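One structure is given here, and the rest of the page talks about it.
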Amino acid sequence: MAVQALDAARLPVDWAKLVQKLALATALFVVAYGVVPAYASGYLVEAILLPFLALSLAAVGLNLLTGYCGQLSLGSSAFMAVGAFGAYNFNLRVEGLPLAVTMILAGISAAGFGVVFGLPSLRLRGFYLAVSTLAAQFFVQWALTKFGWFSNDNPSGVISAPHLAVAGLSLDSATGRYLLSVTTVMVLTALVWRLVNSATGRNFIAVRDNETAARVIGVPVLRTKLLAFAISSFIIGIAGVLWAFTYLRTVEPAGFNLDRSFQILFIIIIGGLASIRGAFWVRRSSLSSRSFCPGSAHSCSAACSIRAFST
Amino acid sequence: MTFFSHLRKAAIATAFVLGATAVHAEEQYFPLQSYRVGPYAAGGTGFFGGFIDYLNLINIRDGGVNGAKLAWSEGETQYEVEKGVEVYERLKSNPGIAAWNPLSVGIAYAMIDRITDDKVPLITINHGRTDTTDGRVFPYVFPLLLNPYSETSGIVNYIASKEGGLDKLKGKNIVVLYHGSPYGKETIPIYELLSQKYGFELSQIEVPHPGNEQQAQWLTIRREHPDYVVLRGWGVMNPVALKTAQKTGFPADHIIGNVWSNSEEDVIPAGDAAKGYTAITTQASGERYPVVQEIVKTVYGDGKGNLEDKSRIGSVYHNLGIVNGILNVEAVRIAQAKFGNRTLTGDEVRWGFEHLKLDPARVEALGAKDLFHSINVSWDNHEGDGYVTFQQWDGKKWNVVSDWIAPDWKLLRPIIEKSSEAYAKEKGIKIRTAEDADAVVSN
């Protein structure tokens, strides 16, 4: 796969394909910024698009780590929680911090946290690494519950989202929150797209495909792994902010449980590891199949999409 | 051509008449975020069953509230916040919404901002966010009858009465075993405060949701040797707690259940382990109350009863659902007396809830004497000073073992106001006055 990517970079420009891609991108923009805000019902935006965007972004982030760099992680919802609670606290404790800065700071806290819990990846692989990332999952939930400071000493440990505004423009309406979400997701996805096609992205793939060979050809394996953890957690952290601020508008630590981590992992497994598009397709299909399986937990929606895909 | 234009006119006229009649039928709608599957299905089916049974009774017996028919539809939440929000978004566009009753603290928290924008009341009977009692800050949220702090105060007062007075609490050791959810954690600070005030030793132990494994917690309790254990459970956690208590040798008659650990569904699965277990309640269980009898006769007699298992009629959750129905319907009735007998807006129903005063005489007239005591809601007190009583399980049924007890509202109000004012500051909310409460949006 690494070789293919290199070849693709050297091929002469295929104009027809480029025009097709541009047309597709324009259509996407028109739908995202024109059609949806103008015509979508409140239900579609609040109950389907907002969770879809947040979880898809988390899946994009995890895909970078698991799909591209080959490091299996079960701590995704912990990183989402760090992002959500980080953003809440930055917003609460620093007066007048712009929303974009809050989100970036939250992402950076999640990234720092990701690096710490990525350290075992230097020694562990596969299932052993997955189990060690479980520690992140349980530690974060425990810490957020144990120390009331994180939820501003709210007795039930639930935070509620602050007023959202960019440059004095209120984004509290459903459409405003949707626009904030969709813009964030688009920007970050574009950056990830760029990243996986860069030298760093090829390093990720080299580490995934054969760590020893990667080391032999001069890929800095340790740095690459930690970088993958950092960037992936950054993106998942921002997905957590979107989940808390734009979708639920309230969050308790228990909302970021292991189920959610599995849900994100299943999205990328079903959508295809190392496929950015897959993150979005599966999330959509899992949402649309939700209504058919009212009987069990969230992970059921992933199971349903397995069924939908196999048929 | 002329024929077709006539036809079109006729069609339009018909549509207009039909549309007008549809609008003319006054209807008040209750969106129900119910849960009939999942770990908390016992509470969900009982409560929403009772609620729907009472709404049905009003429709069948009285033809609605002063002619306004009651309507409802359900959405399954499984007690999960995400699903609750999804159902809210799905049902909120229906016309004539009277009030929301999600029966979940997590979902209620997620809805506070949304329903405040919609100007529709949110009812969290016997639970909810405690500081929503302060109507000055939370105009649309009503933790009716009993908020978590009042419940805590009621339980501590009851333990004191068993020990022979509040001064006898000094040096006693009480363990609170709570459900690991926003609901369970809500009372942590108030137990701390009461422990300092009355000088009893306190430890609070969390049971992770859903609570079907409690060996470790009960071993800790055995080491502590407490005088009483307060069980602040929910769903499957309760029978497991009672059984594990028996296994570790803690006597059931020294376990006091809170208001969500007080049902038949909590004790029957525990079998003998539950004998002697005592729990707080705002509404007595049993079928002997006239309103329950009428539901059996009119609604179940008509084949429209909501409970599949008729032996659950008159159970704690079913009766709570009925009481919740009474409170919702009476709020609509009170609002109708002011705004007219028609479909009311959410804000008008909010006004109704803020004037929901049912004294014992009115409660008796509604056929609910001894089922619950009374309620007295005002624009700034959204709880309405509900009374509590205690019931003990004898292995077959609940027996009331105390009078109606008043929680220590005077002690609690300043704590609630402090918390709600902090919330108002954090969210930039203007504190409401009595005049604001009287300004009602009617369309």
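Including glycine, each Cβ sits where the backbone N, Cα and C put it.
Pulled from TrEMBL, these are the features on record:
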- A:22-41: transmembrane segment (TRANSMEM)
- A:47-65: transmembrane segment (TRANSMEM)
- A:96-119: transmembrane segment (TRANSMEM)
- A:126-144: transmembrane segment (TRANSMEM)
- A:178-196: transmembrane segment (TRANSMEM)
- A:226-248: transmembrane segment (TRANSMEM)
- A:260-282: transmembrane segment (TRANSMEM)
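When Cβ-Cβ distances below 8 Å are used as the criterion, the transmembrane segment (A:126-144) is approached by residues 71-75, 77-79, 81-82, 85, 113, 117, 120, 150-151, 157, 253-254, 256-258, 261 of the same chain, each at least six residues removed from its ends. Counted over residue pairs 6 or more apart, the CB atoms of the transmembrane segment (A:260-282) and the transmembrane segment (A:47-65) come under 8 Å in at least three pairs, which marks the two as touching.
Scored by C-beta pairs under 8 angstroms, the transmembrane segment (A:47-65) has its highest count with A:226-248, from the stretches A:22-41, A:96-119, A:178-196, A:226-248. Beyond the transmembrane segment (A:226-248), the same-chain residues lying 6 or more positions past its ends with a Cβ under 8 Å from any Cβ of the stretch are 46, 50-51, 53-55, 57-58, 60-62, 64-65, 68-69, 71, 73, 76-77, 79-84, 86-88, 102-103, 106-115, 117-119, 121-122, 159, 161-162, 164, 177-178, 180-181, 184-185, 188, 192, 195, 200, 204, 207, 255-256, 264. For the transmembrane segment (A:96-119), the list of distant contacts is 71, 75, 78-80, 82-84, 86-87, 90, 132-133, 135-136, 140, 164-166, 171, 180, 184, 225-226, 228-238, 240-241: same-chain residues at least six beyond its ends, Cβ to Cβ under 8 Å.
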